[in-house]
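What Swiss-Prot annotates here:
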SIGNAL    1-30  signal peptide
TOPO_DOM  31-774  topological domain 'Virion surface'
COMPBIAS  32-52  compositional bias 'Low complexity'
CARBOHYD  87  N-linked glycosylation site
CARBOHYD  141  N-linked glycosylation site
CARBOHYD  398  N-linked glycosylation site
CARBOHYD  430  N-linked glycosylation site
CARBOHYD  489  N-linked glycosylation site
CARBOHYD  674  N-linked glycosylation site
REGION    719-772  region 'Hydrophobic membrane proximal region'
TRANSMEM  775-795  transmembrane segment
């Protein structure tokens with residue numbers, strides 16, 4: 001910021017300059033004046049009453065002594081000749097005046113001067129009276145409080161159910177010699193009767209092996225393993241899921257016994273008990289099980305508390321409700337401690353059971369969405385607007401409350417709202433606020449229900465109570481109560497909530513911007529109006545002091561004015577170019593000692609080539625045609641005058657230097673406009689329904705259905721065990737059935753026979769299996785070859801035995817006979833020459849008796865087999881033969897010859 005007064009260095013410079021000018025004036029007064037010297041004294045003399053002289057050249061002309069003057073060109077404003085008495089020294093001391101003025105004009109080329117003639121009263125004006133300022137637009141009945149926002153409950157009603165059914169599988173198999181082929185598999189599912197569920201499954205943990213069901217209006221019965229009906233124990237499933245358990249009676253499918261080249265049938269009945277999740281959606285007329293099976297009956301149907309009016313599509317004999325039902329855990333066999341009311345329903349495919357509960361308050365069509373600690377309610381026109389910065393939303397509702405009795409199945413709304421409000425109030429407002437009345441309910445656009453609890457600070461509680469009592473006093477003393485059946489007969493409806501909250505976010509944004517802009521514009525309008533009224537009062541007083549300035553500002557252009565009573569007479573001012581105006585350097589009146597001009601003297605032209613007009617510089621660049629602004633000269637005179645776009649500084653009534661407007665400290669007269677910038681606001685993500693809620697809103701969970709269906713075989717069947725067809729199974733089954741029909745003795749004999757037959761079959765099967773092995777076949781082949789070789793050698797031996805028995809039986813003896821080694825024997829033989837006849841006869845007799853002994857043993861053996869008579873006959877024959885055996889034998893001399901040996 002430039003200071004208006006010159007610095008101390010500049011002041012000392014001005015003092016020395018004035019001293020120099022004073023000495024110059026004294027010297028010049030004694031010296032003759034050169035006739036052509038330019039200066040300002042001529043203008044001063046003319047002002048003192050001397051002859052009028054032309055004005056000095058305009059400020060835009062080139063000064064004397066320009067280093068590069070333009071030749072052969074007539075100046076635009078030629079300098080008039082100066083009188084001979086001009087003070088040349090003073091003019092030389094102030095030679096820089098034009099340059100300073102030229103610099104000021106160059107900095108502010110748009111600064112104009114105006115010549116304002118005195119008004120004659122032909123045109124008069126008056127000021128407008130003060131206006132009534134507008135009021136700031138505001139909402140009405142601003143209320144703070146706690147809010148709980150409810151949305152439509154799209155989540156299904158979930159409960160546990162138990163399925164009872166029997167999987168029936170009938171398989172047709174054709175058996176070949178080396179392979180088996182399924183010709184058809186029939187699978188069906190049959191329900192379990194109520195009596196079996198209660199008396200067998202829940203009471204004992206067993207299930208019958210038969211399945212009775214109706215297909216094509218024909219009752220049929222399936223027997224497990226094609227056998228008689230028995231009780232089978234339920235066992236836990238192989239793989240349990242995270243949300244349910246299961247039990248069943250068998251793992252393996254029953255296949256018929258193997259009979260080659262025949263078609264056989266086998267039946268499997270697997271009793272299954274399975275815990276599943278059930279789901280039902282509004283209006284709860286049906287529910288679906290996790291297996292994908294639909295039940296076309298309301299889960300709240302029953303015979304208690306009027307629940308028989310709920311929806312059902314089944315006949316009465318298919319449904320049964322059991323009071324005081326104690327469920328049993330089929331795994332631990334433990335019985336429940338608390339009884340329940342159990343619903344049982346049989347369908348063509350299964351029987352389902354679940355615990356009955358009343359419809360109210362088990363389900364609710366609305367659910368809590370947001371708890372808002374700070375909710376501002378404002379009234380705009382015919383609606384309420386509930387705004388919250390915490391969730392960046394604005395809800396629009398009617399002015400009337402929404403009765404909860406109109407909400408179908410809305411019992412949870414009041415309870416949940418009160419619990420949430422009490423919790424928020426106790427945590428945050430218990431020490432500073434009080435509750436005003438009961439919670440109020442409003443239905444907002446988009447299907448939201450707002451529970452609102454108005455609050456009031458403790459400091460305003462007393463005032464509010466008085467106001468409330470005043471309002472109550474204005475109401476009728478005995479209001480007409482509603483009819484008794486009004487609430488009961490009111491129609492109920494379900495509130496549908498939109499899935500997007502963007503409209504409320506946009507409404508909040510619009511209200512936020514609207515509130516800010518309206519508040520800002522309201523303050524601007526009020527401040528502007530009040531400022532105008534204030535300025536009007538000031539102008540009415542200021543026009544009396546300076547009517548020209550007030551009239552010029554009011555009209556919007558430069559005019560001259562004077563007061564004619566209570567009105568102003570105005571006249572239009574004529575603009576004069578800044579290049580046609582020059583200020584003189586002295587404000588003293590030479591003809592009147594002690595008198596000085598109060599404002600600088602000027603010379604100007606209306607047009608570029610027009611004559612000079614002498615005048616005086618007025619306020620705000622006004623050129624006065626008169627020079628009557630005179631004042632007594634004072635010591636220490638210092639003045640700043642507006643000249644063009646800047647200021648000229650006169651000290652001791654003489655020009656000193658120029659200043660720009662920036663060198664003068666500015667004091668603002670403007671009133672600050674209180675405009676608050678729009679604050680930043682961040683929007684947080686807000687969802688009405690989460691992805692999990694949307695995914696869970698459907699009646700069917702297809703992922704769960706597919707998972708259960710694909711897991712069914714893994715849970716209730718053994719998929720790893722492989723049963724190979726056995727050709728002997730039919731024989732064993734027949735033998736077993738035969739001996740079973742003979743009682744206990746038959747069963748005992750059957751076990752022995754079955755064991756023996758099983759051993760034989762196992763041995764044969766082992767041999768067959770051994771033969772089917774390549775190594776076994778090789779071993780058998782080698783054994784066969786060995787047997788053939790042994791048979792060949794045995795056949796040779798028999799042939800030798802037939803041809804020469806003694807040589808075959810006694811090969812070494814006959815060999816010694818051919819080659820004797822004993823000399824005595826050799827000599828004796830050589831001497832004897834022939835065999836001993838006695839020994840030869842004795843040998844023959846021995847052979848005959850050996851044959852007789854063999855015949856007798858064979859006869860006795862046969863007699864033992866034939867019986868007693870044959871045995872007696874054999875004994876008699878033996879006695880006869882013994883008598884023949886008593887013949888006396890004598891030793892035969894051993895005289896064998898060589899000829900006999902050759903015969904042998």
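Any Cβ shown, glycine's included, is placed from N, Cα and C.
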Least surrounded among the glycosylation sites, given as 398, 430, when other CB atoms within 10 Å are counted: 430
Reduced DSSP assignment, residue 398 (N-linked glycosylation site): strand
Secondary-structure category, per DSSP, in which residue 430 (N-linked glycosylation site) falls: coil
Whole-number mean of pLDDT values that fall within the topological domain 'Virion surface' (31-774): 78
Between residue 398 (N-linked glycosylation site) and residue 430 (N-linked glycosylation site): CA-CA distance (Å): 30
